[in-house]
Amino acid sequence: MDKFRVQGPTTLQGEVTISGAKNAALPILFAALLAEEPVEIQNVPKLKDVDTSMKLLSQLGAKVERNGSVHIDASQVNVFCAPYDLVKTMRASIWALGPLVARFGQGQVSLPGGCTIGARPVDLHITGLEQLGATIKLEEGYVKASVEGRLKGAHIVMDKVSVGATVTIMCAATLAEGTTIIENAAREPEIVDTANFLVTLGAKIAGQGTDRITIEGVERLGGGVYRVLPDRIETGTFLVAAAISRGKILCRNAQPDTLDAVLAKLRDAGADIEVGEDWISLDMHGKRPKAVNVRTAPHPAFPTDMQAQFTLLNLVAEGTGFITETVFENRFMHVPELSRMGARAEIESNTVICHGIETLSGAQVMATDLRASASLVLAGCIAEGTTIVDRIYHIDRGYERIEDKLRALGANIERVKGE
């Protein structure tokens, strides 16, 4: 297994170009199964999960090529089962189910894998498809969906806000007969991006970005060209990297309006931030950040995917900060690892109390999930001495060339190939 060796401390400064959003690219790739004509998707990040998704689409019979953009022709799809060997590594594969049953009347997906963060069940996906008229069976570790004729539009009130289930229902409803209304829908920018992609193909969707999405079903979707929005979590991660190292950064190909809650907290921490149409700059003027209180919640509140990075920020900030996690359970697995580097923190229920210290010390630490692992790499950049981050396959699932981008900012980081 590969590791990162990071030598610190360094002040990170310079420019970074932000990649396309993983959390938009994945649902968009699966939504391409709905299209009867070729689709070109631009700004798709080069990530393990993206490669797995493309491989899965190929196994279903789609023609998939990558030459800068990703080209998908799903006109010849003739396999309707997403097998365990691919699905086990990635939760996003559940997104194949809605398009398959909507367009072909049948679909099977093995129960998914991915990061082990708390209870992330597929119940809401299943309930939503059932309300659209699909028959669902759970057999031999597979979710099997089928429908006679077309799915039927429905008024769906979601029990809780779920990005994944909103995507599944919205995709399936595009080809349903009649109108579907999703109440208590997720409002994330990646939901908006997926909806806008579907509209490019001929879907009729309104209300994306609000908690009420209306989809008027159409008989078929055509092809089109679409550009994935910039990754707000990658952007936030690099902004935090500069903030904790008392540095200065310019993020290009960013989308500032997707990061309001994060930018507000960085300003509270003492960062000088400016934004343009497609860029964000942060300057700490050599100062140590101030501790901030953060509470995660669905968009437009503070994103859970930035929680680990802000936990780290608080652990090296002036003062004491409280981080409360309301979205996922069991999402403080990075805290014991950061404690190995000298961090002072206590976990009380769903809150971590961070007591800021001046400097961390290098140590051997282990990545446990995608965002937690990013916080450990950043910690290594500012810690005294050498930090070894193990199990970095988690990082490769969500960050494109993170070591190259950090190196360009002055970090002393190298990938050590595993046995």
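Cβ atoms here come from the backbone N, Cα and C positions, even for glycine.
According to Swiss-Prot, the protein carries these features:
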type	residues	note
BINDING	Lys22, Asn23	phosphoenolpyruvate binding site
BINDING	Arg91, Arg120, Pro121, Val122, Asp123, Leu124, Lys160, Val161, Ser162, Val163, Asp305, Val327	UDP-N-acetyl-alpha-D-glucosamine binding site
ACT_SITE	Cys115	active site, proton donor
MOD_RES	Cys115	2-(S-cysteinyl)pyruvic acid O-phosphothioketal
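Here the features listed in Swiss-Prot are placed on the structure.
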residue	record	CB count, 10 Å
Lys22	phosphoenolpyruvate binding site	25
Asn23	phosphoenolpyruvate binding site	26
Arg91	UDP-N-acetyl-alpha-D-glucosamine binding site	19
Pro121	UDP-N-acetyl-alpha-D-glucosamine binding site	12
Asp123	UDP-N-acetyl-alpha-D-glucosamine binding site	11
Lys160	UDP-N-acetyl-alpha-D-glucosamine binding site	9
Ser162	UDP-N-acetyl-alpha-D-glucosamine binding site	22
Asp305	UDP-N-acetyl-alpha-D-glucosamine binding site	24
Asp305 (UDP-N-acetyl-alpha-D-glucosamine binding site): secondary structure state under DSSP, collapsed to three categories:
helix
Round to a whole number and give the Cα-to-Cα distance in Å for the pair Asp305 (UDP-N-acetyl-alpha-D-glucosamine binding site) and Asn23 (phosphoenolpyruvate binding site).
11
In whole Å, how far does the CA atom of Arg91 (UDP-N-acetyl-alpha-D-glucosamine binding site) lie from that of Asn23 (phosphoenolpyruvate binding site)?
11
Taking the Cα atoms as reference points, how far is Pro121 (UDP-N-acetyl-alpha-D-glucosamine binding site) from Lys22 (phosphoenolpyruvate binding site) in Å?
20
Between the Cα atoms of Lys160 (UDP-N-acetyl-alpha-D-glucosamine binding site) and Lys22 (phosphoenolpyruvate binding site), what distance do you get, rounded to the nearest Å?
23
